[in-house]
Amino acid sequence: MGPLQIVCFRIRAPLLAGTCIQMTDAMLKSFKSKYHIDVDFEVPKKIPWYYAPLFASFWLALYLAVVVTQINHLPDPLNREDEARHPDAFIAERAEMQLINLSRIGPKVVGSVANEVTAVEFLKQQIEEVKAQASDYFQFEVDVQLATGSYMHWSMVNMYQNIQNVVVKMSAKNSTSENYLLINSHYDSVPGSPGAGDAGSMITVMLEVMRVISKSQGPLKHPIVFLFNGAEENPLQASHAFITQHKWAENCKALINLDAAGSGGREVLFQSGPENPWLMRYYREVPHPFATSMGEEIFQAGIIPSDTDFRIFRDYGGVPGFDMAYIFNGYVYHTEYDRVNIISKQSLQNTGDNVLALAKGVANAPEMDNPEDHAEGHVIFYDFLGWFMVFYTQTTGVIINAVVCSVAVLAIAVSLFFMTARSGLTWGAVVTRYLTTFVIQIVSLALAAGLTMLVAVFMDGVGRPMTWFSETWLLIGLFFCPMFFGMGILPAYYLEKTKQDKLSLGFRIQLFMHSHCLFLIVLTIVMTAMGLRSSFMCMMAVLFDITALIVNLVTKWHRRAYWFAIAAMVCQILPFLYYTSIAHATYMTMLPMTGRSGSASNPDLLMAGIAVFMAILFAGFIMPLFLFFRKTRTIIYSFLAIAVLFIIIAVTPAGFPYKAKTATQRYSLIHAQRTLHRADGSIRLQEAGIYVYPQDRRINSADDYIKAIGEKHKVSEYCDVEMFCGMPLYNHRWHKARERSFWIPIEENPNLPGSRPALTLLNAHNLEGSISRKRYEFQLVGPDHMTIFIGLQNEVKITDWSFNDTMIREKWEQPYFIYFSYGKDEVGSLTFTIDVEKSDGNFNVPVLEIGIAGHWIHQDKNRTPKYEQFVKSFPSYASVNDWVATYESWLF
């Protein structure tokens, strides 16, 4: 006899309705032949367990063969000899040569000769060469803007003086349009970095795009303004200067902003608008699309530790447009390794092709005549593996989500009805089983997410965070395998316990898929109600699952478990490719950023969170298919075994996160001297030390090096007694990181490359004859990067000052933080006033505390012997950015 299987069928005779009996294969065949009954709803034999690895390998192979290949695909670059055959094409080789020459200048920091003189002369020379080659169709206007201003950024006043922009307006000679397209990127860099990727690469893309367009005969309906921005890293000062002060600013009606959070690869469009969905019609025409509005919501939520000029143009000029940036290989971003040899000609070709097409499209767009008439709301956009673009307005997205969810609920209901009809069970019995399955599915997802987060907490708790930082393959075992185990183990146990159920195995597996679909329907509705455009991610998962279900219902394959499974599997291929491509791009973006996002939060939780969200989307309908295999629980437990194995590997030296030059650990160091004065001008504290700012979670990695030079103290230890900790904080992020930054007192004073900042009280007098109000006038002279800290004492309040008045007008709590820098300024002085009010009129006591930090961030280094030894003691896998500074405070 062959093995028995359970067969359930319906006969009109009431006593036999819903009967289940055991039959051998031979008995079943004879029964069907004799009674002419199509018993295609029998429980199938389970598939042998050894096919499960093949099933899993299929999906892995699909990911490796399609997703990884396509994500990394770049076009063949064009060389200068190709120009004759492609006169209107972007030539990557020319852009690369310009990038080499620009990078040879070295770090281009605001205030340095490299940035204020050499880089400006380089750009002017390149622009003159473009003008010399241009056709008679075009005319050019070139302006070097010198600007001074201030605005609020983060929680500090961002103040600049004499910073520069090189601006070019290119227009058709017969153009009468007063609406311009603005293309922006920046040529300045952070201290110590040549800035080839960020953003020298984009500067040379702009130069080549300008050259290609200028050699053509048009058309160019609207002028293009090329803004070569000289102070983005400062941060974002030059874009503010342009959009608030330049003569062409009001005419700029659309924007292409180019930046980098990585070095090379494909540039991603991660912000568009605001509103103005018409812009996406032109991005859709670019040859290599790579875009997602989910990235926009992630960026605007502050998860990414960066900002771009796009926000300045949007907030201060109301200019809609595109924000595009390199995101891959962020390991070298803002380090000395951001060099030209990292960026391939293929990357430049990819970006150049896209920017050229976009510039031509938008500059000739009829919508540019009256852009305000086309501001129709926010837009949802995404590409599919770079093959094509999809976009629609958020209002349309709400409608699509509602329709898909409604159809899905109806399709599930129809499926349950057919289960009732075919199984002989009552409607209530099938619904009860569905509700039970739904609860199990929710608990399974919670278990999966909990286990994944537990791994993240465990790795951080045992002092092994970021093991995946350079060994990215560890992510699979550490975070995805616990997800797969949690998602599958409870359904496996449930089906094993209910194998004698009258509902066939195929139907019971369908119930799990319907349960996951219902969960995603609810999630889609909630995200849509919250106004999250990223709800389209959940909607698409529902759409493809319901597509499979409708196919199965129409073809009646839902009765036949294997046919049902095949249809479900085929319909999961496209969403699997999409979601894993998004997961891949997200990890490649976020992984390097954890090396510079500070130490306050556990980055493993972020990696785990990405795995949870993405696995729910791409594996939620695949994991139930494992239930068709024999030894289901053993298969599911294998995921747990892999996770444990990877945890063991991760805590060994194989999980060490850093690699020299390619995946470094970042430190910022300041050799500083601080001097604090009493009200009578005498010194109450004077000491030298080293400020250590670790930029990732492993803050204790440098302990051995620190012990060799002195005793470390948390910067936060000083914050309760001193204004802004009495430290030379570089910007407000440093203050936020005070709990995990260190001060090491040493005996050596820093070798300063210039005079320390000098604050002089020029005048102090009562206002309008009032004894309770007084104005203090100061002059500050010092290096081109200084921070000013202002605190109040003895129940005084500031009524006005000559800085940006936001803090005073909105009554921010003191002390106040002012970031000040200047560019092309030989004197380097600042005069400012502060008006204070004291109710009792007694100004014989100190009312103001002013601290000045001077930073020499680009000057030649002349380290003292002990400090030099400390810097050199860091291992080869560390990227150390250091400079000297002073901090001095006075009471007035």
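The backbone N, Cα and C atoms fix where each Cβ goes, glycine too.
Those TrEMBL annotations? Automatic predictions, nothing curated.
Straight from TrEMBL, the features:
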- 165-358: domain 'Peptidase M28' (DOMAIN)
- 434-649: domain 'Endoplasmic reticulum metallopeptidase 1/1-A TM' (DOMAIN)
- 662-890: domain 'Endoplasmic reticulum metallopeptidase 1-like C-terminal' (DOMAIN)
- 49-71: transmembrane segment (TRANSMEM)
- 398-418: transmembrane segment (TRANSMEM)
- 438-461: transmembrane segment (TRANSMEM)
- 473-495: transmembrane segment (TRANSMEM)
- 507-529: transmembrane segment (TRANSMEM)
- 536-555: transmembrane segment (TRANSMEM)
- 561-584: transmembrane segment (TRANSMEM)
- 605-629: transmembrane segment (TRANSMEM)
- 635-656: transmembrane segment (TRANSMEM)
Pop the mean pLDDT for the domain 'Endoplasmic reticulum metallopeptidase 1/1-A TM' (434-649) in here, whole number is fine. 95
Taking contact to mean three or more C-beta pairs under 8 angstroms, with sequence separation of 6 or more, is the transmembrane segment (398-418) in contact with the transmembrane segment (473-495)? no
Please report, as numbers and ranges, the same-chain residues at least 6 past the borders of the transmembrane segment (635-656) whose CB is under 8 Å from any CB of it. 49, 52, 455, 458-459, 462, 464, 467-468, 471, 474, 476-478, 481-482, 484-485, 488-489, 492, 626, 629
Considering pairs 6 or more residues apart, do the transmembrane segment (49-71) and the transmembrane segment (561-584) have at least three CB pairs under 8 Å? yes
Near the transmembrane segment (507-529) in space but 6 or more residues beyond its ends, with Cβ under 8 Å, are 41, 397-398, 401-402, 404-405, 408-409, 412, 415-416, 419, 422-423, 433-434, 437-438, 440-442, 445, 491, 495, 498, 501, 535, 538-539, 541-542, 545-546, 549, 558, 561, 564-565, 568, 616-617, 620-621, 624-625, 627-628
